[in-house]
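Taken from TrEMBL as is:
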- Ile13, Gln14, Gly15, Arg28, Ser79: substrate binding site (BINDING)
- Cys32, Cys36, Cys39: [4Fe-4S] cluster binding site (BINDING)
- Trp38, Cys39, Asp40, Gly81, Ser124, Pro125, Lys126: S-adenosyl-L-methionine binding site (BINDING)
- Ser41: Mg(2+) binding site (BINDING)
Amino acid sequence: MTLRIAEIFGPTIQGEGVLIGQPTVFIRAGGCDYRCSWCDSLHAVDSQYRHDWTPMQPDAVFARVRDLSGGQPLTVSISGGNPAIQDFGPVIAQGNAQGYRFACETQGSIPRDWFGDLSTLVLSPKPPSSGEVVDWDKFAACVAAGPAQTIMKIVIFDEADLAWARAAHARHPHLPLYLQPGNPVTDPEIAVAPQALADRLLWLVDATVGRGWLTPHILPQLHVLIWGNRRGV
Ligand SMILES: C[S@@+](CC[C@H](N)C(=O)[O-])C[C@H]1O[C@@H](n2cnc3c(N)ncnc32)[C@H](O)[C@@H]1O
Ligand SMILES: Nc1nc2[nH]cc(C(=O)O)c2c(=O)[nH]1
Ligand code: SF4
Ligand SMILES: [Mg+2]
């Protein structure tokens, strides 16, 4: 089965969510069933970029990961686009057999059997600011297919997103909840102002912990703080 791959890069550090700070290699799959208004990875979503996506066999994908990691087993992050459009089962099986672990980032719109072979499943349902609408039955099927470490990570741009995140958490109260401020400037050519990121993070801390909502973990996108919107980091 041929996979459409937008990019494979690393090692870098995981910049978001439960594995933040962990060394990782990224596999970014091409293609997505969503089109979020603020997507920071349009080069893996928009069909105008599809000619830049490389058709690769699972063996070749894992061989690239192994080369990049110098053969040292680590956690591989599969993101996209929506990687659940495609069958990453063979890549994961080959990697697991060699001591690698896999985390996957997906919006939770397409459940896959291979979610069960992951070490970490990050489900990122999309709040109102994205312009997308969540199918909660599909989302629940993703949770059911996932490994023990399955978490929910929600991007927050405004008060409406925050209220929505509370309701989303109430649907799946057993999933650890991570909130990250939305980055409104996603063009790789435009510099990110660190103070603007800090201001959004401060707002999010005030609007959650500051108002007595003590459940979520609040984290920045660490890679954006370090590298801005550069791709391949
Ligand atoms: C590019 S997506 C790819 C995986 C999958 N399609 C998804 O959305 O979960 C990876 C992560 O980046 C987040 N993200 C995308 N655009 C963002 C932005 N402008 N600011 C903050 N997080 C963003 C998504 O919500 C998701 O958690
Ligand atoms: N360093 C780094 N951390 C990330 N966490 C989630 C990412 C993604 O685009 O899925 C990402 C990414 O692109 N780079
Ligand atoms: S679901 Fe993920 S990759 Fe797809 S458009 Fe939204 S943020 Fe981008
Ligand atoms: Mg990203």
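Cβ atoms are placed via backbone N, Cα and C, with glycine included.
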Next item on the list: Calculate the distance in Å between the alpha carbons (Cα) of Arg28 (substrate binding site) and Trp38 (S-adenosyl-L-methionine binding site), and round it to a whole number.
Entry: 18
Item checked: Maximum Cα-Cα separation in Å among residues Ile13, Gln14, Gly15, Arg28, Ser79, which the record lists as binding substrate -> 15
Note to self: Within 10 Å of its Cβ, which one of these binding-site residues (Ile13, Cys32, Cys36, Cys39) has the largest number of other Cβ atoms?
What the structure shows: Cys32
Check: Of the binding-site residues listed here (Cys32, Cys36, Cys39), which is spatially closest to Lys126 (S-adenosyl-L-methionine binding site) when Cα positions are compared?
Finding: Cys36
Item checked: Listed binding-site residues with Cβ under 6 Å from ligand 1, out of Gly15, Cys39, Ser41, Lys126 -> Cys39, Ser41
Item checked: Local Cβ density at Arg28 (substrate binding site) - other Cβ atoms counted within 10 Å -> 22
Item checked: In sequence order, those binding-site residues of Gln14, Gly15, Trp38, Ser79 whose CB lies under 6 Å from ligand 2 -> Gln14, Gly15, Ser79
Check: Which whole-number value in Å describes the distance between the Cα atoms of Cys32 ([4Fe-4S] cluster binding site) and Asp40 (S-adenosyl-L-methionine binding site)?
Finding: 13
Note to self: Return only the integer: C-alpha distance in Å from Ser79 (substrate binding site) to Ser41 (Mg(2+) binding site).
What the structure shows: 10
Notebook entry, point to check: In sequence order, which same-chain residues at least six apart have a C-beta under 8 angstroms from Trp38 (S-adenosyl-L-methionine binding site)?
Noted result: Ser129, Ser130, Val155, Phe157, Gly182, Asn183, Pro184, Thr186
Next item on the list: Select, from Ile13, Cys32, Cys36, Cys39, Ser41, Pro125, each of the binding-site residues with a Cβ positioned under 6 A from at least one atom of ligand 3; if none does, say none.
Entry: Cys32, Cys36, Cys39, Ser41
